[in-house]
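Peer 1: This is the structure I have questions about; it appears just below.
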Amino acid sequence: MEDPLIGRDSLGGGGTDRVRRSEAITHGTPFQKAAALVDLAEDGIGLPVEILDQSSFGESARYYFIFTRLDLIWSLNYFALLFLNFFEQPLWCEKNPKPSCKDRDYYYLGELPYLTNAESIIYEVITLAILLVHTFFPISYEGSRIFWTSRLNLVKVACVVILFVDVLVDFLYLSPLAFDFLPFRIAPYVRVIIFILSIRELRDTLVLLSGMLGTYLNILALWMLFLLFASWIAFVMFEDTQQGLTVFTSYGATLYQMFILFTTSNNPDVWIPAYKSSRWSSVFFVLYVLIGVYFVTNLILAVVYDSFKEQLAKQVSGMDQMKRRMLEKAFGLIDSDKNGEIDKNQCIKLFEQLTNYRTLPKISKEEFGLIFDELDDTRDFKINKDEFADLCQAIALRFQKEEVPSLFEHFPQIYHSALSQQLRAFVRSPNFGYAISFILIINFIAVVVETTLDIEESSAQKPWQVAEFVFGWIYVLEMALKIYTYGFENYWREGANRFDFLVTWVIVIGETATFITPDENTFFSNGEWIRYLLLARMLRLIRLLMNVQRYRAFIATFITLIPSLMPYLGTIFCVLCIYCSIGVQVFGGLVNAGNKKLFETELAEDDYLLFNFNDYPNGMVTLFNLLVMGNWQVWMESYKDLTGTWWSITYFVSFYVITILLLLNLVVAFVLEAFFTELDLEEEEKCQGQDSQEKRNRRRSAGSKSRSQRVDTLLHHMLGDELSKPECSTSDT
């Protein structure tokens with residue numbers, strides 16, 4: 001048996017007295033500080049580059065870690081700011097229309113409740129106070145000079161000041177002593193901007209998009225030339241025909257209809273008059289659609305995506321540089337003689353300290369020696385900075401994360417008894433997973449039978465409802481066994497376990513409340529809402545597909561793609577929020593039962609009246625319909641008629657150009673390339689796992705990466721050519 005590099009005794013009683021990274025950096029030995037920095041770098045957490053070289057580095061790091069420990073509060077406040085838009089009463093309602101906004105059916109409003117004026121002010125003041133602390137806290141670890149020279153900090157401060165002024169103006173507006181008219185509020189827009197600036201992934205995506213703006217505008221100009229030229233040909237060609245008399249009545253009308261035809265939303269309706277007059281006219285429209293949709297659109301996508309990858313490579317390179325800077329700082333702490341190299345014994349001391357953290361596990365001397373020799377390019381039994389960075393990366397990727405000792409370790413007589421060890425061994429075994437999968441299948445059958453009987457209003461559904469209640473407590477038992485076996489912290493690391501935990505408890509509590517609550521309580525006595533949660537629980541059946549070889553790669557790829565896509569989907573959501581605020585400001589209140597013009601529009605004809613911009617929830621749903629291009633010209637033409645101006649069309653055209661032609665196409669292209677890249681990685685790992693029997697018999701398995709490591713590997717593999725360019729290694733992001 002291999003001798004471990006670090007024995008269990010050196011971990012401080014099973015790791016319960018772990019050294020906090022912040023304490024190690026501020027008060028630890030050079031090796032403890034270096035280990036904490038390496039651990040931070042491997043976690044993808046970067047201390048601000050400016051404070052790494054400060055003489056007060058330890059004290060600055062202490063305040064930085066205090067700031068990061070409050071991340072949950074900061075994050076909740078970001079979302080609270082954003083969600084306030086959904087619960088604020090629309091500003092047009094403050095003008096006291098007749099009837100009032102309380103008549104939701106008259107204005108086709110959403111069902112979310114509105115905050116009162118007093119509640120809204122209190123909400124804004126609380127979130128603003130937290131935001132002020134969050135904005136100015138970095139001065140404690142960056143220092144005033146660095147803080148006020150950062151453009152990001154200056155923009156944040158400007159947004160906070162604007163938000164403060166807006167809240168003050170709103171307060172004066174609501175008071176009886178001030179003005180009684182407020183035409184505009186900037187707060188809904190500033191909240192979204194603060195949300196973007198405060199979340200690094202969204203901020204990086206915004207920087208990425210701004211970097212490719214020039215390329216996008218160039219290709220957009222080419223698209224405009226194509227559209228203008230094709231519209232001119234159509235206007236001239238059909239001038240004296242029925243098409244020209246009814247549809248292409250002017251060049252502006254022709255341009256408008258040809259733009260919609262470019263999106264195929266009005267195909268073939270727009271050219272039916274021409275087709276009736278001459279079947280040969282279809283040749284023009286068919287060629288236009290083929291060239292526009294299948295050539296010009298894809299040309300735009302190809303050019304934009306190429307620019308996108310170039311900008312993304314710069315960001316990935318920047319993150320690599322941040323990680324390398326952290327590792328260089330750690331290397332400098334170990335290299336006390338400033339020789340530019342460290343030996344194997346110094347590395348061993350470093351990794352002894354790394355066992356205090358969760359990222360890197362215990363490593364045998366033999367395994368560490370093999371890795372060290374493999375990366376020692378000069379064969380002098382010493383490694384330089386470059387080799388040190390490779391060593392840390394190899395350790396992080398080759399070995400699994402160390403499990404955090406369970407709290408039940410405090411009761412060794414029970415936890416380490418023979419019965420307990422047998423139980424924990426069973427929970428860790430595949431048989432336990434098979435048993436839960438079998439129960440899931442039976443539960444799925446029960447849900448199908450119960451819902452079918454419920455639709456048929458059969459009294460036979462009662463026993464099946466009881467069965468679902470029993471299944472709920474079986475899942476509670478499963479959850480308890482996993483927590484007992486792995487410990488809560490290890491259990492909670494897995495996203496699937498978090499999903500199971502939340503859904504299981506909500507269902508069990510809801511079902512219990514339904515059984516014991518009197519029928520007078522309509523919310524709990526009505527179990528319809530629980531049925532949707534039961535269907536959510538059935539999503540766990542997707543895991544069964546992981547056992548099927550032909551589906552395993554697809555499911556694993558999908559799971560990996562989710563976190564890498566979130567910044568781009570989040571950016572689309574933020575753009576929707578900004579456009580929703582504009583829509584409520586410009587179009588709010590136009591859709592109402594007393595507007596005679598409304599019932600002459602296509603919104604009324606198609607029964608789309610609920611999809612309006614009268615409040616924020618309805619506006620977001622309407623924008624989603626525009627995003628997926630579902631009859632989107634209906635809203636554009638209807639609001640043109642309701643406002644009586646062509647300028648309203650710019651709102652919808654700009655939305656199409658930004659969200660659909662740019663953002664949504666980028667997401668589609670990214671998914672396609674990332675999917676095939678992930679399949680290649682899966683195939684490589686499969687081949688590597690079959691290379692030798694020695695690798696299959698390793699005590700710690702290769703390729704067991706964390707989610708962040710898989711995303712990082714995916715991006716580096718996907719952007720390999722771009723990252724290899726010289727400019728990527730020197731670009732300043």
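Even glycines carry a Cβ here, placed using N, Cα and C.
Sequence annotations record features per position, and here Swiss-Prot assigns compositional bias 'Basic and acidic residues' to 686-695. Per Swiss-Prot, the feature domain 'EF-hand 1' maps to 322-357; the stated evidence is sequence analysis. The annotation domain 'EF-hand 2' is assigned in Swiss-Prot to 363-398. Under the heading intramembrane segment, Swiss-Prot lists 246-260, 616-630. Feature annotation from Swiss-Prot assigns N-acetylmethionine to Met1. Feature annotation from Swiss-Prot assigns region 'Disordered' to 686-711. Summarising the annotation, Swiss-Prot assigns topological domain 'Cytoplasmic' to 1-71, 142-158, 200-218, 304-428, 487-498, 547-557, 673-733 and lists sequence analysis as the type of evidence. Look at Swiss-Prot and you will find 93-120, 240-245, 261-282, 450-465, 520-528, 579-615, 631-651 tagged as topological domain 'Vacuolar'. Under the heading transmembrane segment, Swiss-Prot lists 72-92, 121-141, 159-179, 181-199, 219-239, 283-303, 429-449, 466-486, 499-519, 529-546, 558-578, 652-672, citing sequence analysis as support.
Situate these features within the shown structure.
Peer 2: The average per-residue pLDDT of the prediction over the domain 'EF-hand 1' (322-357) is 74, rounded to a whole number.
Counting same-chain residues at least six beyond the ends of the topological domain 'Vacuolar' (93-120), those with a Cβ under 8 angstroms from any Cβ of the stretch are 84, 86-87, 170, 174, 182, 589, 591-594, 609-610, 612, 614-618, 621.
Summarised by DSSP class, the composition of the topological domain 'Cytoplasmic' (142-158) is 15 helix, 0 strand, 2 coil.
Residue counts of the topological domain 'Cytoplasmic' (200-218) by helix, strand and coil are 18 helix, 0 strand, 1 coil (DSSP-based).
Within the chain, the topological domain 'Vacuolar' (240-245) has long-range Cβ neighbours (under 8 A, six or more residues past its boundaries) at 271, 273-274, 276-278, 281.
For the topological domain 'Vacuolar' (261-282), the list of distant contacts is 227, 238, 241-243, 246-247, 288-289, 292-293, 629, 631-633, 656: same-chain residues at least six beyond its ends, Cβ to Cβ under 8 Å.
Taking DSSP states H, G and I as helix and E and B as strand, the topological domain 'Vacuolar' (450-465) has 11 helix, 0 strand, 5 coil.
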Peer 1: Taking contact to mean 3 or more CB pairs closer than 8 A (sequence separation of 6 or more), are the transmembrane segment (283-303) and the transmembrane segment (219-239) in contact?
Peer 2: yes
Peer 1: Counting only CB pairs under 8 A, let me know which of 121-141, 466-486, 558-578 has the most with the transmembrane segment (181-199).
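Peer 2: Per the Cβ under 8 Å count, 558-578.
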Peer 1: What parts of the chain pack near the transmembrane segment (466-486), using Cβ distances under 8 Å and only residues at least 6 beyond its ends?
Peer 2: 403, 406, 408, 423-424, 427-428, 432, 436, 439, 442-443, 446-447, 450, 497, 500-501, 504-505, 507-508, 511-512, 515, 534, 537
Peer 1: For the topological domain 'Vacuolar' (579-615), what does DSSP give as the number of helix, strand and coil residues?
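Peer 2: Grouping H, G, I as helix and E, B as strand yields 18 helix, 0 strand, 19 coil.
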Peer 1: Quick one: find which recorded stretch in 159-179, 558-578, 652-672 has the most Cβ pairs under 8 Å with the transmembrane segment (219-239).
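Peer 2: Answer, by Cβ pair count: 652-672.
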Peer 1: Give the residue counts of the topological domain 'Vacuolar' (261-282) per reduced DSSP state, in the order helix, strand, coil.
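Peer 2: Helix (H, G, I), strand (E, B), coil: 15 helix, 0 strand, 7 coil.
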Peer 1: Are there residues at least six beyond either end of the transmembrane segment (159-179) with Cβ under 8 Å to its Cβ atoms? List them, or say none.
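Peer 2: For the transmembrane segment (159-179), the nonlocal Cβ contacts are 117, 120-121, 124-125, 128, 131-132, 135, 185-187, 190-191, 193-194, 197.
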